[in-house]
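Asker: Below: one structure in structure tokens.
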Ligand code: OGA
Ligand code: MN
């Protein structure tokens, strides 16, 4: 049952045995089908922080039909770009944050206040848990509405559209995103994502920073669940039959590799972020995980919600 597995992996004492966690870095132990990237479009290296798609390793899990896994398709520089974007740009207006309700930010942004090494940032830094972009997910009603939305950041729509086209989901439109910020002791309770009008469109989920144990069950709470490691850069796509399955994050583990630190010479000539920003983001991500969860809300051809 989903709840029992969640408790098992969440437990600190005793710590869980991780032998049964699906590790797609060692796919020989997992029942998978290899998927070839659709590389009909011309793709250049470092497009939105991605390597070129011929190099990607893509699997569908045979036990969870429709669940597609892309093993970290990002360059190290691309990881730094997206981590910095999530921390600096997606954590302020016009996007919505969990900390808006706490009224702790006056005219400052979370990013401006944090990383000053003051007592105040120590308190504020871990308080950021989510940001919503595009159609804002309403956590209470679980509904989207025309009266609560921002533009989608164009670079995030661009990134998602490359991922979607490479997998053959050419009609996908990124209309809403949730950025989840996890500290080492954070969890995300089991849930299904059914608020979107269009539940036939896939859901894209991108992970950066520390490693997650991602738990995915079946359509019902009672169904058994599988645990999967999600590491920095990994992308999963919940499509088809897997789109409405229960899932959650019972545990964050310290990553054994830190690809976001690779090939970083302090010069930053070709970088799309400033070194000062990266220095701050790097301290944050050393003890955190960021997940960007991107959805299509509307039916094909639909222009507004009603
Ligand atoms: C979500 C979600 C999973 C993750 O935001 O709906 O399921 O890996 N996130 O953080
Ligand atoms: Mn979800």
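Cβ coordinates are placed from backbone N, Cα and C, and glycine is handled just like the others.
Below are the features listed in TrEMBL for this protein:
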type: DOMAIN; residues: 173-298; note: domain 'Fe2OG dioxygenase'
type: BINDING; residues: 191, 193, 247; note: Fe cation binding site
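Could you place the listed features in the three-dimensional structure?
Answerer: Helix, strand and coil counts from DSSP across the domain 'Fe2OG dioxygenase' (173-298) read 17 helix, 49 strand, 60 coil.
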Asker: Please work out the number of neighbouring Cβ atoms within 10 Å of the Cβ of residue 191 (Fe cation binding site), leaving out its own Cβ.
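Answerer: Counting Cβ neighbours of residue 191 (Fe cation binding site) within 10 Å gives 10.
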Asker: Starting from the Cβ centroid of 191, 193, 247, which together make up the recorded Fe cation site, report each further residue of the same chain whose Cβ lies within 8 Å of that point, ordered by sequence.
Answerer: 190, 192, 245, 246, 248
Asker: With an 8 Å cut-off on Cβ-Cβ distance and a minimum sequence separation of at least 6, pull the same-chain contacts of residue 193 (Fe cation binding site), or say none.
Answerer: 203, 238, 243, 244, 293, 295
